[in-house]
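Take a look at the structure below.
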Amino acid sequence: MARPVRVVVLGAGSWGTTVAGLAAHNTPTLLWARNSDTADEINNEHRNSRYLGDRPLPDSMRSTADLVEAAHEADVLVVGVPSHAVRSTLAQIANEVRAWVPVLSLAKGLEPGTRLRPTEVIAECLPGHPVGLLAGPNIAREIVDGLAAASVVATQDVRVATALQPLFASAVFRVYRNTDVLGCELGGVLKNIVAIASGMADGLDVGDNTRAMVLARGLAEMTRLGEAMGANPRTFAGLTGVGDLIATCMSPSSRNRRVGEYIARGMTVDEAVAKLGQVAEGVKTAPTVMELARDYNVEMPIAAEVEAVVAGRQTPEGAYRGLRKVAAGGEHEVA
């Protein structure tokens, strides 16, 4: 009888822990935690109190603080560290991961300086490995609580995606597949910026009509940039596009939405991130996205205002006044 596929997840934040829990219901799973106390808590108490409170984790899920041990065990490697830490983490195990092991990214940001997407960073660090991502409208705590959700495994080789789907699926967690890695990954990156704008709308109490406008026009910006970069525009109408956008902009648990709300209520960006206590990818990503928008000659007025707020050149109130001044042409035109 063939040995079960062993899944290793790097990063014991809320989403990394949740994905490890999903996999642990289907196959042997090991979660690498940077902090040994976190690993001990998962192994002994079957919970990750810092990120998921008292929610129980599968008894079968194991954790380690030894990165090399984790790399040696992987038949499938899932990279759940923040986008700015992907390269430094993988550099430590570049010679430890067996050949041809598929690698999935969970990160939803861009590498500072290089502007590379996480899958591109992974491909540089682990050449020759099939690379993809797992993404969708996934609020970690809801999934751990057993509420229904769906996600997408995106790899260029549909055979790899098909093989990976059942490792994470359950009766209440549907996993679809897609070969548009670029589009799926950009959806996860760009929606964080729109979520900050949505959070600012909440903090300013501008009303549901304005929030709906921000979501709809934000999706248009996401799609325009994605198509200009070579993604399939239809991808942005799916789970990794509009689906992830809605969840991130509407959920009280959304980190990027909360950062936007905190800023609109008078906090500085640093104070908002400190209160959050977790990574809000949109804060780090906004300047890089605007560089891409300029490179590809794509108008992104919402993203531009968010970037200005994050950089301290604009106030949330000024950002919304600026958006009201954007000329309205045909709905499917630029602005």
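Glycine too: its Cβ is placed from the backbone N, Cα and C atoms.
On a predicted model such as this, the values are computed, not experimentally measured, just so you know.
Residue density at Lys191 (active site, proton acceptor): 33 other Cβ atoms are found within 10 A of its Cβ, drawing on all protein chains shown. For Lys191, the entry in Swiss-Prot reads active site, proton acceptor, with the evidence type sequence analysis.
In sequence order, Asn48, Tyr51, Leu52, Ala140, Arg141, Gln278 are the residues near Ser14 (NADPH binding site), counting only same-chain partners six or more apart with C-beta under 8 A. The feature NADPH binding site is assigned by Swiss-Prot to Ser14, Trp15, Arg34, Lys108, Ala140, Arg255, Val279, Glu281, with sequence analysis given as support.
Marked as sn-glycerol 3-phosphate binding site by Swiss-Prot: Lys108, Gly136, Lys191, Asp244, Ser254, Arg255, Asn256. Neighbours of Arg255 (NADPH binding site), defined as other CB atoms within 10 A of its CB across all chains, total 23.
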Note to self: Give me the count of other Cβ atoms within 10 A of the Cβ belonging to Lys108 (NADPH binding site).
What the structure shows: 28
Notebook entry, point to check: Here the binding-site residues are Ser254, Asn256; which one has the lowest number of other Cβ atoms no more than 10 Å from its Cβ?
Noted result: Ser254
Check: By a simple count, how many Cβ atoms lie within 10 Å of the Cβ of Ala140 (NADPH binding site), its own Cβ left out?
Finding: 20
Checklist line | Arg34 (NADPH binding site) to Asn256 (sn-glycerol 3-phosphate binding site) - Cα separation in whole Å | finding: 23
Item checked: Separation of alpha carbons, Val279 (NADPH binding site) and Asp244 (sn-glycerol 3-phosphate binding site) (Å) -> 17
Next item on the list: If we count other C-beta atoms within 10 Å, could you say which of the binding-site residues Asp244, Val279 has the fewest?
Entry: Val279
Checklist line | Lys108 (NADPH binding site) and Gly136 (sn-glycerol 3-phosphate binding site), distance between Cα atoms, whole Å | finding: 10
